[in-house]
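Presented below is the structure to which this report refers.
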Amino acid sequence: MNNLQTKFPHIAIKLNEPLSKYTYTKTGGAADVFVMPKTIEEAQEVVAYCHQNKIPLTILGNGSNLIIKDGGIRGVILHLDLLQTIERNNTQIVAMSGAKLIDTAKFALNESLSGLEFACGIPGSIGGALHMNAGAYGGEISDVLEAATVLTQTGELKKLKRSELKAAYRFSTIAEKNYIVLDATFSLALEEKNLIQAKMDELTAAREAKQPLEYPSCGSVFKRPPGHFAGKLIQDSGLQGHIIGGAQVSLKHAGFIVNIGGATATDYMNLIAYVQQTVREKFDVELETEVKIIGEDK
């Protein structure tokens, strides 16, 4: 597997790369092989090679709603951060997988295109956002998603239309079929720039008031359970401020777990499990994680 550097001398590849550099929690072990393609063609080459040689392949986006275990990840990590182009086509925007959702929302603002205001504070990448149908403040990616270019796990290129991109709360066809997002097309609407800016300012202020942006975190840890709010259940369980190792249930928003210093992925996972157990015992409600947990234990 380490011969990938010889096989693909034109592609940026690192060995035993610490993944804590790439996650918002600042935790996680190392990747055996860390690949950073600069083009869709390079990504396609690596995916096809991994499939042909039965090498485990994991896709890494912006690392924002993710916990990578302390033992790291075996096989190949494909990091699509270098695929960042964003372009306008009439009232549509085409953004590549590695483009930040926040940057895409700002691009739309500058082009006087409305529809992505809800995304102005979501820290993920386009690829990650499509994978989990990211959303906030009443908006979701699926509301404006028109089409996507993806790779299958065999390296086959596919163009998916809106009708093929089924989505629900924190779910997508892309996740279900384990597709690798290369780009996304969003259908937006012309609007006065000052009105778009006002909406984004309003949402940014709400986010800054409610979320613990001053600490590393993995964002919203739990999905919203039917008929409840995860943060309220956690707060009512007396868990706000609870600490395990360097991980703490945020004092600002109980739905977040923050790294207050030196946290490990194991600290995060132990605290998540403790919160789930406590809420289950107190309210008979099962909290399902929204954050994705991958990798191996140390």
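The count begins at 1 with the first shown residue.
Glycine is treated like the rest: Cβ placed from N, Cα and C.
Feature annotations, courtesy of Swiss-Prot:
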{"type": "DOMAIN", "residues": "26-191", "note": "domain 'FAD-binding PCMH-type'"}
{"type": "ACT_SITE", "residues": "ARG170", "note": "active site"}
{"type": "ACT_SITE", "residues": "SER220", "note": "active site, proton donor"}
{"type": "ACT_SITE", "residues": "GLU290", "note": "active site"}
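Features as recorded by Swiss-Prot, highlighted on the structure.
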residue	record	DSSP class
ARG170	active site	coil
SER220	active site, proton donor	strand
GLU290	active site	coil
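The distance from the Cα of GLU290 (active site) to the Cα of SER220 (active site, proton donor) comes to 7 Å. Averaged across the domain 'FAD-binding PCMH-type' (26-191), the predicted model reaches a pLDDT of 94. Here the C-alpha separation of SER220 (active site, proton donor) and ARG170 (active site) works out to 12 Å.
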